[in-house]
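The signal peptide annotation in Swiss-Prot covers 1-24. Look at Swiss-Prot and you will find 66, 124, 250, 304, 311, 349, 549, 588, 657, 681 tagged as N-linked glycosylation site, backed by sequence analysis.
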């Protein structure tokens, strides 16, 4: 695979494209794209740009350099702090994680993690989560929230950071990333869309021990139609910062890759914010001309950048643009003047004397609970196992039913997530083999930088016992044994297991023998066995899901602080299940083909240059399963509830602008509207996620292009409406270097999942 060399530095060159299949001996390459496009201050950015331009014009060269790099400080524990310019009232920026709340501090909330949000398929809840989480970051003096996560998208099912993102699907990811960004920035903090781009595994994500970081070799069509798709939505939503990724893309490090930063992000997408690197990912000062605006931490960056400008290697205009983009983001979200707390004001060392800063607000509590409820997915429910109806006796089994033994000052909230003691000493990004179950206690998020410490953990057993006290239910439990005794009087046996994932290492598999054995052992003794899995990604269930005594299965994902309480509401029918899978669950690992394992997992000792060819193109997850006619165990978009729904009255309106070719308008123009009616034809309240899939010529059989979640009482109907843009119908033309609508027939499918299609029609273009 190779990006051919450009004939000039123009951003619109036809030469800047990849050939999908070439001789294996050839190396993928990224062409240089220069100069770095300066900020234009267009549209909604105009006022912020004008203010930033005025402020930066008063800065010296040293002051501009100072705000482009991170400094160590004892004043706070922010992940990064930029330099300040006190004489001009520039206070600097505090940059900090995490994906489910402010980490390394106290008096904050632990929101549901990204994957849990993806399973909710709920746009409004995603926005509300983003808003209230953003307010907590602001209260702590965090200027830049290092999220949300649009990459890893999830190409490799065992990848360690898939849980930080929302879903494997680029359309769903784009919508939820955009909702999060709008919420964060309306709260007054700068959102960061990350990691740009191709950061699809943890193994060899950075250079270690003389081995280069893995190179994600991706063709131009796949970049646009799959991996860059959610970043397009993020930029359109106004993301004020972006983070480049650790690994190489087409054999150039992403944070030095001018094709990615200058050509795609700042050029094609017209990104107006600033680009920062992932921590310690800088390689040389040439990154500045490649489009990088901020370095964390600084190291020798400031000295080298100043020297490069003085000797003409880097232009002063590039430095001015770097500083302007950073300051403009500050103005853009309203952090100037007295509108924002002192940077890092609530980010103190927890072991040192400090004045507590309360970040939580009462208005967020129902949002956190609703979010926890909404991301649970019911996959099996037979023999009327659920909802529970005042059982006389419940038996609870499994290590995941209770809290970890410690919650103290752990800044990464590892707790039970360290499935092996050795994990604490292992080098991130290296090949390791850890237990796939975190047996130290229930998991409410994945591990490391994407996780924060919760104010409390509502664990399943405690929540069940609280309900049992009201119902006079007798509760048995055994949380340690792999083959526990079962009281024959149990109305139901609940088995709690988990599947952990964490930044730094990819998973060793998609199931573990101990947990599977526990389920089978309980099911052999209990006729009503209900399995609940807290999972940080895909978890195989074929080992036991067809056992006649396994009556119900819940994918509980990563619900945050209200985990147990939310689950009990669902188990007892106080709330209804409405989540849908944001990924496919296969029968076996082999169903994935070559993308099951991380690239270079079998690297030879003398191979210092690991390569990862994305030869599958856009065919991942359900797109791939559909194309190869592989039947999954549970398909993308699947989820049961306590009622059923009927779909009817499909109709399609098309605009005169829906024509073949490049088109005269924007790719964001609405060119079609699809209507349908959803009716609750069951006997209980519920919510259905109506999903729209397009069959685009010369593409995967179905691609998600719309979804609407509608709550209905029994017997009630409601219309759903899907507005489709020109981009939704387009493919990326690698010759024209434009989004193009092809001539042909486009199938339109509306249904309850990617395989449960209820209504279909065609659009001819």
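Cβ atoms are placed via backbone N, Cα and C, with glycine included.
Distance from the CA of residue 250 (N-linked glycosylation site) to the CA of residue 681 (N-linked glycosylation site) is 52 Å.
The glycosylation sites in question are 311, 349, and the one with the fewest Cβ neighbours inside 10 Å is 311.
Distance from the CA of residue 304 (N-linked glycosylation site) to the CA of residue 250 (N-linked glycosylation site) is 26 Å. For residue 66 (N-linked glycosylation site), the nearest of the glycosylation sites 124, 304, 349, 657 in terms of C-alpha separation is 304. The glycosylation sites 304, 588 differ in how many other CB atoms lie within 10 Å of their CB, and the one with the most is 304.
Distance noted between the C-alpha atoms of residue 124 (N-linked glycosylation site) and residue 657 (N-linked glycosylation site) is 30 Å. In terms of Cα distance, none of the glycosylation sites chosen from 304, 311, 349, 588, 657 sits within 10 Å of residue 549 (N-linked glycosylation site). In this view, the densest Cβ surroundings among the glycosylation sites 250, 549, 657 belong to 250, judged by other Cβ atoms lying within 10 Å. Put simply, residue 304 (N-linked glycosylation site) is 51 Å from residue 588 (N-linked glycosylation site) when counted between their Cα atoms.
Here the Cβ of residue 66 (N-linked glycosylation site) has 21 other Cβ atoms within 10 Å, regardless of which shown protein chain they belong to. Take the CB of residue 681 (N-linked glycosylation site) and look out to 10 A: across all protein chains shown you find 14 other CB atoms.
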